[in-house]
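What follows is a set of notes on a single structure, which appears directly below.
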Amino acid sequence: MNKKAIFTQVSQLEERIGELHRELGGLKEQLAYLIEENHFLTIENEHLRERLGEPELEETEEKEQVTKERKPFVGEGYDNLARLYQEGFHICNTHYGSLRKNGEDCLFCLSFLNQD
């Protein structure tokens, strides 16, 4: 193989890698959007179910008490991690503490923040 053919092949490979990188970035954005949309739809679903089945007052009070007992308290640590993420740092175990590139969302960090 001559040098020109090798150079051409490397250039073509570089272009394909660039295209794949752009495509992967687009898929990552779509996935982040879908995760966020799923989270909001889940919340909306819960609210609609609550409205549809509005039980008697006593049952509602009992359910609220059980719900309060089940829900874990969101503490100061969670707030600190959310603040760090908003400031542009990773909070996932994979890249913890490093800066997020170009302020892009990290799916691992988002899944950590959206845990129930």
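Glycine residues also receive a Cβ, built from the backbone N, Cα and C atoms like all the rest.
Straight from Swiss-Prot, the features:
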type: BINDING; residues: His90, Cys92, Cys106, Cys109; note: Zn(2+) binding site
Other CB atoms within 10 A, centred on Cys106 (Zn(2+) binding site): 21
DSSP-derived structure type at Cys109 (Zn(2+) binding site), helix or strand or else coil: helix
Neighbourhood of His90 (Zn(2+) binding site) by C-beta distance under 8 A, where only residues 6 or more apart in the same chain count: Tyr96, Gly97, Ser98, Leu99, Arg100, Cys106, Phe108, Cys109
Of Cys92, Cys109 (the binding-site residues), the residue whose Cβ has the fewest other Cβ atoms within 10 Å: Cys92
Any further residue of that chain within 8 Å (Cβ to the Cβ centroid of His90, Cys92, Cys106, Cys109) of the recorded Zn(2+) site: Tyr85, Ile91, Thr94, His95, Tyr96, Arg100, Leu107, Phe108, Leu110, Phe112
